[in-house]
């Protein structure tokens, strides 16, 4: 029963979602957000690294999946997002986890069936696919969607 950790990186809020799969059934294990205060970028990156490390220790995932950086019109935002991704990936690498990256359009296409889906559609489908009593917040839903994408695509390519 492989455990998959999905990460939706951000310099202010990093979402995480943990799922497993048993007999082609998705199983929700946990989700949430790592929130960083406005104490400067180095401190934020430290909190993201520590938070991801703690989540890895708690859930012991077999796979680490993260959203790829998209090109942004705001270079500063793209750089901060890249740095947040980097420290999350280092946390996974320090635990010898295999790292998989998925584009946002690919995640939306896999989970919703539409690569241009909005956040509400992603939340709805994540809730439906994981049989959750309520929709997770958008950052956690995006992270769970990344994990679901890995579950579908990795299983497809493994056979």
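Placement of Cβ uses the backbone N, Cα and C atoms for every residue, glycine included.
In Swiss-Prot this protein carries:
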- 8: active site (ACT_SITE)
- 67: active site (ACT_SITE)
- 139: active site (ACT_SITE)
- 8, 139: Mg(2+) 1 binding site (BINDING)
- 67: Mg(2+) 2 binding site (BINDING)
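Structure coloured by features recorded in Swiss-Prot.
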residue	record	Cβ within 10 Å
8	active site	26
67	active site	24
139	active site	24
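In this structure, the C-alpha atom of residue 67 (active site) lies 6 angstrom from that of residue 8 (active site). If you measure from the Cα atom of residue 139 (active site) to that of residue 8 (active site), you get 6 Å.
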